[in-house]
Amino acid sequence: MSSAVPHSAFAAFASRDFTLLTINQCCLTFAVLIQEVLIAYYLYQITKNPLILGLVGIMDFLPFLVLSLWGGYIADRFNRQRILQISFSFAIPLSIALWISFDLFHTQTISANLLLISCLSILFLFGCIRGIYSPCFNSLRPFVVPEHLYTNAATWTSMCWQASGILAPVIGGFLLAHLDLDITFSVIVALFLSGSIALWCLQKRDFPQIQTESVTQSLKEALHFIFKTKIIFWAMFLDLSSVFFGGIIALLPIFAQDVLHIGADGFGLLRAAPAFGALVMMIILIRYPPKSRPWQIMLIAVTGFGLCTLLFAVTRQLYFSVAVLIIMGACDSINIVIRQTILQLIPPKDMLGRVAAINGIFVTSSNELGALQSSVMTRFFSVIPAMLMGGSLSLLCVVLTKLKTKDLLKFRF
């Protein structure tokens with residue numbers, strides 16, 4: 001493991017290929033989120049059925065969940081960079097097909113039902129691309145920056161996701177409100193095209209490859225590695241437990257309406273607060289990376305996340321609630337950066353794709369299942385007891401993790 005090396009906040013961008021990957025990442029995030037805003041808005045306007053909004057998410061999530069493990073296998077078995085380039089290129093014709101579908105509907109060439117089927121089918125294919133793209137992208141990054149810059153690169157990657165997540169829906173809403181559908185789709189296609197060009201400009205490189213031909217055997221090897229490697233297993237456990245028990249994003253509409261009585265504007269403020277906190281903390285982490293005692297810092301951050309859940313449950317003031325959510329987002333961003341660095345630094349290079357795929361499934365599933373868990377708890381116990389129980393269980397998981405990982409407290413990058 002490398003010792004700490006002083007570097008500037010922009011050190012990772014000295015790598016041309018990391019810069020290209022970041023351009024691709026930003027183009028992808030903006031394009032996908034603007035497209036999601038467009039699809040959700042227009043399909044609801046056409047159908048007036050709120051169930052459609054759930055279907056939009058499911059049609060992207062399910063193929064990602066199914067294909068991620070296979071995507072991790074092929075990333076390690078073949079040239080992950082070439083697979084990344086080819087898989088991402090399919091986003092361009094899919095987006096054009098979506099554009100054509102909406103144009104055909106507006107010219108009354110196809111019915112609303114056919115438009116709905118077309119949109120959901122295309123979203124399903126986008127989910128398939130994501131299932132292959134995600135493990136290839138995450139396992140490629142360690143090959144384009146040196147080890148001592150892994151933390152810096154992970155921080156920039158996470159910050160780009162957060163910034164894009166804040167700005168893209170706003171831009172999407174502006175495009176829909178002030179410009180026509182064709183211009184909005186042309187922006188989306190241009191973003192996908194730019195992201196694809198960035199990937200095809202990457203320097204050619206070779207990768208270590210696994211020798212086994214069996215998908216099942218190779219995935220068993222990756223799972224065995226995760227379970228026997230204490231720092232990876234407990235890092236994933238911490239993230240899963242904190243989001244599963246302590247995640248409160250799904251409950252914010254209930255809290256805004258029934259507890260704080262703040263309406264849509266206040267809800268928007270609550271919804272944006274965690275992302276703002278995460279973005280600010282990541283800017284700090286770029287300058288001051290958590291290389292000294294990162295495991296101890298991670299435990300403190302997840303503890304802060306759980307405490308914020310408890311505080312949010314008992315507060316009745318809007319601005320205090322916003323402040324708590326900002327701190328919560330900041331704590332979560334520390335957890336993300338440290339976990340991503342661990343997942344790049346510890347696994348063997350020929351196992352990065354599979355480990356990234358398994359981690360991606362854990363992260364995505366914990367978000368989805370956490371939202372379901374909090375909703376079910378709220379249904380039976382009401383929103384405030386549900387938050388208090390979730391925060392308490394999250395803190396208990398931190399205590400368990402600390403007891404099991406005392407030997408990792410002095411670990412450093």
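Any Cβ shown, glycine's included, is placed from N, Cα and C.
Among the features that TrEMBL reports, transmembrane segment is placed at 21-44, 50-71, 83-102, 114-133, 154-177, 183-202, 231-256, 268-288, 295-313, 319-339, 383-403.
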Quick test of the contact rule: Cβ under 8 Å, at least six residues beyond the ends. What residues does that give for the transmembrane segment (319-339)?
151, 154-155, 158, 162, 235-236, 238-239, 242, 255, 260, 269-270, 273-282, 285, 289-290, 294-295, 297-298, 301-302, 304-305, 308-309, 311-312, 359
Does the transmembrane segment (154-177) come close to the transmembrane segment (268-288), meaning at least 3 CB pairs under 8 Å for residues 6 or more apart?
yes
For the transmembrane segment (83-102) and the transmembrane segment (231-256), decide whether they are in contact, meaning at least 3 CB pairs lie under 8 A, counting pairs 6 or more apart in sequence.
no
Counting only residues at least 6 beyond its ends, the same-chain positions whose CB falls under 8 A of a CB in the transmembrane segment (295-313) are 231, 235, 238, 242, 245-246, 248, 255, 321, 324-325, 327-328, 331-332, 334-335, 338-339, 384, 387-388, 390-392, 394-395, 398, 401-402, 405, 408-409, 411
For the transmembrane segment (154-177): best-contacting stretch of 21-44, 231-256, 383-403, by Cβ pairs under 8 Å
21-44
Given a Cβ distance threshold of under 8 angstroms, which distant residues of the chain, six or more beyond its ends, lie next to the transmembrane segment (21-44)?
13, 50, 52-53, 56, 88, 91, 95, 98, 102, 115-116, 119, 123, 126, 133, 137, 140-141, 144, 156-157, 160-161, 164-165, 167-169, 171-173, 175-176, 181, 184-185, 187-188, 191-192, 194-196, 198-199, 202
For the transmembrane segment (383-403), distant same-chain residues with Cβ under 8 A (at least six beyond the ends):
234, 237-238, 241-242, 245-248, 251, 254-255, 258-259, 299, 302-303, 305-310, 312-314, 373-374, 377
The recorded stretch from 114-133, 183-202, 231-256 sharing the largest number of CB pairs under 8 A with the transmembrane segment (50-71) is 114-133
